[in-house]
Amino acid sequence: MTRGLLHWIDTRLPVVSAARREFRDYPMPVNLNGFWNFGAILTLSLLLMLATGLTLALTYVPNAGLAFASIQTIERGVPAGWLIRLAHQTGATLFMGALYLHIFRGLYYGSYKAPRELVWLTGMALLACAMVTAFAGYVLPWGQMSHWGADVITGAMAGLPVVGPTLSHLVLGDTHLGDVFLHRLFVVHFATAFAIVGIVVVHVACVHVAAPNDPDGRDPRSPRETVPFHPYFTAKDLFGLALAGGVFTALAAFAPGIVREAANLAPANPLRTPNDIVPAWYFLPFYGLLQIVPSKTLGLFASLAAIVLPGLMPWLDRSPIRSARHRPGFRIGMILMAAGFVTLGLAGAHHLQGLWGIAGRIAALAYFGVFVAVPFARRHPS
Amino acid sequence: MTAAPPRTRRDVLSLATTATVACGAACACVPFALSLSPRGDAPDSAPVDVDLSKIAPGAQITASWRSLPITIIHRTAQTISALKTPDQPLRDPDSHVHQQPDYARNWHRSLRPEFGVYVAVCTHLGCIPALDDDGYTCPCHGSGFDLAGRVLVNQPAPYNLPVPPHDFASATTLRLGINPDGHTFDLSGIVQL
């Protein structure tokens with residue numbers, strides 16, 4: 001009965017055979033390690049964000065006067081509303097964390113190299129969309145951190161040369177942060193979230209056309225070096241998802257302070273800036289850069305470059321060897337880059353106080369230095 | 001018919017894994033379903049007083065009680081006599097269907113013939129019937145009712161308009177939401193609101 005129906009659909013629209021070909025029989029390299037789990041983790045996190053987000057939007061009111069109260073209604077009035085909101089906040093942390101690790105995997109094992117440049121570019125577009133979505137989502141509760149985070153970002157936008165004032169006026173839609181701005185960000189939060197879904201489809205299609213990279217960075221030479229996606233990688237992904245679920249639950253239950261900001265439990269007050277204002281953890285490296293660079297415009301460009309430079313890796317890195325496993329110098333560079341990114345975040349969180357100021361500057365040099373040095377790396381190691 | 005192939009260790013593990021994932025997925029649905037459940041308390045059921053002295057004979061007003069539109073009509077002597085001997089065929093002229101309290105199960109479907117009190121929600125699909133010369137007509141699908149809220153025959157609406165619990169607090173004050181002494185009646189018990 002089911003078989004007959006599937007056959008009937010497949011002869012008219014071959015989705016069933018396509019699904020079998022791409023997600024059951026698809027040949028996968030035998031040697032993929034745990035770093036290859038993040039795609040599945042990100043997909044499930046995205047579904048969780050969509051489900052919880054749509055549920056929250058049923059109660060949330062995008063109005064400067066009512067937004068904060070509607071969040072309190074979600075927390076206290078809606079049955080299980082507190083759980084759905086906590087899952088949405090924890091999901092944001094899980095998504096951004098998994099995304100950074102997924103991108104590091106791509107850089108370390110050279111997954112951006114030909115023929116996977118489009119995989120890489122769609123992935124970086126996804127990062128950009130995720131950052132916009134995360135920022136907009138952070139503003140929606142209209143607490144103190146929402147308001148002053150938005151104030152800083154719109155101020156930064158206005159600081160961009162030439163387009164700055166127009167861009168910030170377009171986003172604000174008013175002379176001050178208020179109703180129009182909040183409603184626009186609510187729509188942006190949705191629009192970019194669904195854009196992410198679309199980009200993910202293209203991203204996965206690109207991966208399946210180009211075939212996945214592997215830790216050795218050399219494509220399987222024969223079918224004997226591949227195994228079918230199901231059951232080998234469905235099982236491995238399921239294991240990775242179970243671990244991610246553990247991290248998710250532990251964060252939500254034991255460390256909610258990481259995924260939500262206590263200072264945001266005060267309603268937005270345009271007459272007073274909170275004493276200690278820091279962004280969500282996943283924006284800390286960029287926040288650190290803004291503090292380190294002693295110029296408004298250059299600081300913005302540095303933050304922008306921190307995302308654009310990795311996006312250019314397929315053209316910066318001209319070595320024919322993909323994986324850092326077989327490139328000792330590149331391996332050190334990748335570790336330096338990652339350490340620099342993390343240290344920048346820590347320095348940002350500590351407002352560059354004491355030794356963090358020096359550590360942050362060294363970290364910024366290390367991070368950018370790697371991308372500057374990559375084009376000069378030996379193209380044919382001995 | 002051939003015998004089923006023997007169950008292997010992998011079959012058992014697959015089944016256990018699938019069952020665990022299915023249980024987890026089902027549990028994950030619970031908070032979403034809970035969040036959609038109806039919220040808030042029952043509508044405010046406090047009694048509402050209506051000043052009858054402000055309703056001229058032949059006119060009606062609409063009061064809100066439990067978020068329902070309640071029509072209170074002041075009938076003229078002419079219309080009262082028309083109710084006694086209806087000239088149009090009615091589906092349930094003697095109020096057999098439980099759409100009203102016992103004290104309104106009479107030819108004028110109210111406590112006093114000069115005042116009619118009805119829930120102005122058409123028993124077809126819920127629009128508010130509009131008053132015209134000799135009765136009510138629903139603007140949505142044309143169901144007709146007489147001035148005692150009794151539905152005419154061959155109309156989409158199946159039942160008479162409901163009568164809410166009501167009593168007279170004084171000669172000119174109608175109190176919605178309470179019954180006269182010795183009566184118990186609640187809208188939740190009627191056939192259709």
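Glycine is no exception: its Cβ is also placed from the backbone N, Cα and C atoms.
Whatever TrEMBL says is automated annotation, not expert-curated.
Per TrEMBL, domain 'Cytochrome b/b6 N-terminal region profile' is recorded for A:5-216.
For A:219-382, the entry in TrEMBL reads domain 'Cytochrome b/b6 C-terminal region profile'. In this model, the domain 'Cytochrome b/b6 C-terminal region profile' (A:219-382) carries an average pLDDT of 93.
Taken from TrEMBL, the feature transmembrane segment applies to A:35-61 (among others). Beyond its flanks by at least six residues, the transmembrane segment (A:35-61) meets 67, 69-71, 73-74, 77-78, 81, 84-85, 87-88, 91-92, 94-95, 98-99, 101-102, 105, 108-109, 140, 186, 189-190, 193, 196-197, 200, 204, 207, 212, 215, 233, 236-237, 239-241, 243-244 of its own chain at Cβ-Cβ distances under 8 Å.
As annotated by TrEMBL, transmembrane segment applies to A:82-103 (among others).
TrEMBL lists A:118-140 (among others) with the feature transmembrane segment. Within the same chain, residues 60, 62, 67, 88, 92, 95-96, 99, 102-103, 106, 111-112, 146-147, 149-150, 153, 182, 185-186, 188-189, 192-193, 195-196, 199-200, 202-203, 206-207, 210, 279-280, 282-283, 307, 310-311, 313-314 sit at least 6 positions outside the transmembrane segment (A:118-140) and bring their C-beta atoms closer than 8 Å to a C-beta of that stretch.
TrEMBL lists A:152-173 (among others) with the feature transmembrane segment.
Summarising the annotation, TrEMBL assigns transmembrane segment to A:185-211 (among others).
Summarising the annotation, TrEMBL assigns transmembrane segment to A:238-259 (among others). Cβ atoms under 8 Å from those of the transmembrane segment (A:238-259) belong to residues 34, 37-38, 40-41, 44-45, 86-87, 89-94, 98, 281 of the same chain, restricted to positions at least 6 beyond its ends.
Annotation source TrEMBL lists transmembrane segment at A:298-316 (among others). Among residues of the same chain six or more beyond the transmembrane segment (A:298-316), those with a C-beta under 8 A of the stretch's C-beta atoms are 103, 107, 112-114, 117, 120-121, 124, 127-128, 131, 156, 159-160, 285-286, 289-292, 364, 367-368, 371, 374-375.
Long-range contacts of the transmembrane segment (A:328-349) within its own chain (CB-CB distance under 8 A, at least 6 residues past either end) are made by residues 100, 104, 107-108, 278, 281, 284-292, 317, 319, 356-357, 359-360, 362-367, 369-371, 373-374, 377-378. Residues annotated as transmembrane segment in TrEMBL: A:328-349 (among others).
Beyond the ends of the transmembrane segment (A:355-377), by six or more residues, the same chain brings 288-289, 291-292, 302, 305-306, 309-310, 312-313, 316-319, 327, 329-330, 333-334, 336-337, 339-344, 346-348 to within a C-beta distance below 8 angstroms of the stretch. TrEMBL lists A:355-377 (among others) with the feature transmembrane segment.
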Is the transmembrane segment (A:152-173) packed against any residues at least 6 beyond its ends, judged by a Cβ distance under 8 Å, and which are they?
135, 180-181, 184, 277, 290, 296-297, 300
